[in-house]
Amino acid sequence: MARVEDGSESGGDELELSVVMPCLNEARTVGLCIEKALRAMREGNVRGEVVIADNGSTDGSQQIARDLGARVVDVPRKGYGHALRAGIQAARGRYVIMGDSDDSYDFSALAPFVERLRDGYDLVMGNRFRGGIRPGAMPWLHRYVGNPVLTGILNVLYRSPIGDAHCGLRGFRKDSCDRLGLSATGMEFASEMVVRASVSRQRIAEVPIVLHPDGRDRPPHLRSFRDGWRHLRYLLLCAPTFLFVIPGLILTLLGLAAIPITLAAGFGVSTGYFGPNFLYTSSMIAVSGFHLLVFGLLGKYYAHLVDPVFQDPGVERWASFFSVERGLTTGVSLIALAVTLGAPVVGHWLQYGTVPIPGQWIFAGTLFSLGVEAAAGAFLVGILDMSRSAAPGEGGPHVVRRPQRDEVSPSAEKVA
């Protein structure tokens, strides 16, 4: 016979499943969601529990949950991510299924999630677009713009196979989730989980689910544009290759490719298409692109150092080659070449008050800027290396890796 744990302590025996629901003033629906989840576990012979991560309800949601046998985790810090992280930490099950407590998800249909988790998948996502979206369950903007666009961006940036990356009903192995080091506090928690699972090459599956209109009698907590931006911002911040490196490399190469064209036109003396104005533009593009490229490489290296999920052997090899000495040599060489090209122009300007070859002066300025950037970037890599090499306790600086359970501890959250 299946056992469904109530809110009392249950000893040290591990449960198979914990159903975690974030809750903020969901008195109208939380009871129904709990009853569905408990019934599904009984019918499926699953030994489990329901955990309500309450984010400060004032409508009696907590007592309703306790009366129905759920455990309530009081989470004083507001935020979707805060609530779920606390609930997941408190969960005693080997598997966790999370979903909103507004009755938009059918907790009586947990069996497909449990089956995939038993098959060895680390993350099992619900897919509302494959299962069906009932009339009035999702705003038009979310259904046809927000979710498809954000899911598409996530799949391109992180090579994810997900068709509905922001579905709130999902299941995962608790130990696999622990390794992700989740830290998001708001709605972007949904994106963070998928991004970090994809980067970690965890096994991901999808099951069709039906999305129903929620049972609230008030507006939803979700704010379309604010929360949509938080999702997009997170996706971009975790992808310096696409945000900085690729655009920077393209702009740098485009800008520098103009140099032979300008040389053939007489070093910018021509007043045609390839005159000084063309070289001004090319210089601006090259310098801007190189800035982006350096920022991106430094961002990737920093993430490689401080976040185990984003560790990359390719970044390690690049950083090992790009030593302070090599970077400084490259930078000084570019600066020296810039001075060699620019010195005659400066001399002529000091003597006659005019710049005879503006193209040569622009080219020299471009090389000087690139040289300074290369040298500065090399020193920044050296600073990061120094932070990594000094072991804690030896008096030197060191990189503090993100704890996997930061800001959430048994002493911080009250479990009832």
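Cβ atoms here come from the backbone N, Cα and C positions, even for glycine.
These features come from TrEMBL:
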type: DOMAIN; residues: 18-180; note: domain 'Glycosyltransferase 2-like'
type: TRANSMEM; residues: 234-258; note: transmembrane segment
type: TRANSMEM; residues: 278-298; note: transmembrane segment
type: TRANSMEM; residues: 327-349; note: transmembrane segment
type: TRANSMEM; residues: 361-384; note: transmembrane segment
type: REGION; residues: 392-416; note: region 'Disordered'
Contact set, same chain, for the transmembrane segment (234-258): CB under 8 Å, 6 or more residues outside the stretch: 150, 153-154, 156-158, 184, 188, 191-192, 195, 199, 274, 278-279, 281-297, 299-300, 303, 310, 366
Outside the transmembrane segment (278-298), six or more residues from its ends: residues with CB under 8 Å to it: 240-241, 243-259, 261-262, 268, 318, 322, 358-359, 362-363, 365-366, 369-370, 373-374, 376-377, 380-381, 384
Local confidence of the prediction over the domain 'Glycosyltransferase 2-like' (18-180), expressed as mean pLDDT: 96
